[in-house]
Amino acid sequence: MATGWGSLLQEEQQLEELARQAVDRALAEGVLLRTSQEPSSSDVVSYAPFTLFPSLVPSALLEQAYAVQMDFNMLVDAVSQNAAFLEQTLSSTIKRDNFTAHLFDIHKQVLKEGIAQTVFLGLNRSDYMFQRNADGSPALKQIEINTISASFGGLASRTPAVHRHVLNVLNKTKEAAKILSNNPSKGLALGITRAWELYGSANALVLLIAQEKERNIFDQRAIENELLARNIHVIRRRFEDVSEKGSLDQDRRLFMDGQEVAVVYFRDGYMPSQYSPQNWEARLLLERSCAVKCPDIATQLAGTKKVQQELSRMGVLEMLLPGQPETVARLRATFAGLYSLDMGEEGDQAIAEAIVAPSQFVLKPQREGGGNNLYGEEMVQALERLKDSEERASYILMEKIKPEPFGNCLLRPGSPVQVVQCISELGIFGVYVRQGKTLVMNKHVGHLLRTKAIEHADGGVAAGVAVLDNPYPV
């Protein structure tokens, strides 16, 4: 979209000195991850990978992404409340995708018994890339929306200081001042706080469902610390702990180690590998309770790729958000091409087109966590294998977004400082709280920019491919 820091990227010695300063500042600011060698311990930590310079982002697209976030919050909330739409949309997927089927089974059990929770909390992140329209103007295109365990709100609040420092070292004080302040963890904690207040029990806790080996603990601690500052206590437990020590009373209030739980915040539970039979039992127990789940099971299902693809069909947004044409127009403007692979003519046609022009498409399974999508020759082989099988319904096809690459240095522990061609992905954090049928909070609370070298097709920071970045508005 713009050339960026061209001349600064030419001087190798200066880059190495800048990188040393940037890394020290990142460590001082708390831009931290546990190491892959010791993911369960904070005795030895390292800096989370980040870019040496902030990456240029067109201001108009940043503003557009912020402006549409409250619409996406309302849309996710509407989908989560529409059981018929979820069932119809996921009917073919759940026949072939065990993970989605398991989630859907819990959803149906909870509906049958009657939903006990009355307060609903959404903490999500909508991710976008930028490409050029045919007329040369920049366009914002949604990649996906994350409705469970949307991460890096904590670390994203620590990186602006690092990039300001780099620019100040270079005597670029005017440029340093243009880096936006950003504190998503504070906004995410405000959402949890509102849900906790509405639950209405002063001694109840927030239960954070955590993985045993969690490298990204400091990102989570940022939210915990914001809550503790408001005198809301957080306990971290694994699914295994819930199945051993969690219980419901006759009013379906949730207790953990004998203490009442107001809000359950999932930072685990978004991938099949995270569930044993015992963990599925624990998830069901949590869902049956009247505690506020973030997300509840319907909201997790609302974030599936299959739902994303169905939302792009003509008429679907209008059905879910009746009488709101402006909202629908803002949402639809961000959609890329999305295609169903259900059995039948429509799916056959999509597969045929992707096999002929593989560079135009991405094949996506119903998975979160990065590193799952198929491109190019790999995608063609998968489609050839899937095309006559009902298994294809567990995937969707998406138009491949084609951002313009730019130069930057990706700083990683143990890697040399070198300029590489990169592309960025912008995420906007959204928070909403609903009590019964009334939306009592709906806001955007900050952003996340992640940047990766162009040879890496897929994967986020946690997957070890993208690095943390900041938008430099132009």
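Just so it is clear, glycine is given a Cβ too, placed from its N, Cα and C backbone atoms.
Unlike curated entries, TrEMBL annotations are predicted automatically.
Owing to the predicted nature of the structure, the values given are computational and were not obtained by experimental measurement.
TrEMBL has this to say about the protein:
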- ARG125, 148-151, 214-216, GLN220, 267-270, ARG450, 461-462: substrate binding site (BINDING)
- GLU144, LYS305, 364-373, TYR375, 398-401, GLU425, LYS452, ASP458: ATP binding site (BINDING)
- GLU144, ASN146, GLU368: Mg(2+) binding site (BINDING)
- 205-302: domain 'Glutathione synthase substrate-binding' (DOMAIN)
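Remark: SER149 (substrate binding site) has PHE266, ARG267, ASP268, GLY269, TYR270, GLU368 as non-local neighbours, by Cβ distance under 8 Å and separation of at least 6 in sequence. Cα separation, GLU144 (ATP binding site) to GLN220 (substrate binding site), rounded: 22 Å. Taking the Cβ of ASN146 (Mg(2+) binding site) as centre and 10 Å as the limit, one finds 21 other Cβ atoms among all the protein chains shown.
SER151 (substrate binding site) and TYR375 (ATP binding site) are 25 Å apart (CA-CA, integer value).
If you take every residue in the domain 'Glutathione synthase substrate-binding' (205-302) and average the pLDDT, you get 97. Proximity to LYS452 (ATP binding site), judged by a C-alpha distance within 10 Å, picks out none of the binding-site residues ARG125, ASN146, SER151, GLN220. The binding-site residues listed here (ARG215, GLN220, PRO365, GLY371, LYS400) include no residue with a Cα within 10 A of the Cα of ASN146 (Mg(2+) binding site).
Here the binding-site residues are TYR270, TYR375, and the one with the most other Cβ atoms within 10 Å of its Cβ is TYR270. Of all the binding-site residues in the list PRO365, GLY371, LYS400, the shortest Cα-Cα distance to GLN220 (substrate binding site) is found for GLY371. Straight-line distance linking the Cα atoms of PRO365 (ATP binding site) and ARG125 (substrate binding site), rounded to a whole number, equals 19 Å. Within the same chain, residues at least 6 positions away in sequence whose Cβ sits under 8 Å from that of LYS400 (ATP binding site) are SER359, GLN360, PHE361, VAL362, TYR375.
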